[in-house]
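Q: What follows is a single structure, and I will ask about it in a moment.
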Amino acid sequence: MEQRKTQVSSHPFSVESLISSHKTNKDFERRREDVSSQFAQTEIRDSCGSAGIPKHFMLQTSPVKSESPEPDDCTSWVMNSRYSQTRQESPCPLRKHKTNRKPRTPFTTSQLLALERKFRQKQYLSIAERAEFSSSLTLTETQVKIWFQNRRAKAKRLQEAELEKLKLTAKPALHPNFSLPLPLGTQLHSAVSLYGQSYPYQRPLLPVAPVGLYGTPLGYSMYHLA
């Protein structure tokens, strides 16, 4: 009877055998999942460092610098170059005057007219004249002295410019080797008008043969010449 029970229980199509086989399948799948999860954890542990960071990330953050610049360095370089270009392209600063330079004296219209009038009369003032003139204009002697110095320099520049203009307008239009023929009987005033200089005019003399060389009397020769 016991053998029959064992035979019945061991039958492959029995309920107990089916339940036991189902349990074994579940256990096998659970064990396989555990093994696969353990294997994945070991792979991750092998691929990561001590701090749990992947090795490829650790290689990028290694102290050895690669040939290509890092993103942060590239960004900082671009920003620095952009701002440096804007600083270079900024307009050049104005010329700085000396700190100890005195400000320019603002003259009034009446003072300028009086200074110009005095300069036309006399370009150089003596010490007494300068003191008197500056007191009449309520200016200092230094201001009057500096104004006269600047005005003399301006007058010199204007004079040089006028001389250059006269030189340009006075250039001869004809070639320097070209000369106009003058007739023999040209009067003195024509020579003076052309050259601006006066020279004593002399009529050219014709060669005359001596009288003693001819055998005929003087009166006869003069008669025939007439």
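Backbone N, Cα and C define each Cβ position, glycine as well.
From Swiss-Prot, for reference:
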| type | residues | note |
| --- | --- | --- |
| REGION | 1-45 | region 'Disordered' |
| COMPBIAS | 1-22 | compositional bias 'Polar residues' |
| COMPBIAS | 24-35 | compositional bias 'Basic and acidic residues' |
| REGION | 85-105 | region 'Disordered' |
| COMPBIAS | 94-104 | compositional bias 'Basic residues' |
| DNA_BIND | 100-159 | DNA-binding region |
Q: Please give the average pLDDT for the DNA-binding region (100-159) in this predicted model.
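A: Mean model confidence (pLDDT) across the DNA-binding region (100-159) is 91.
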Q: DSSP says what for the DNA-binding region (100-159): how many helix, strand, coil residues?
A: 42 helix, 0 strand, 18 coil
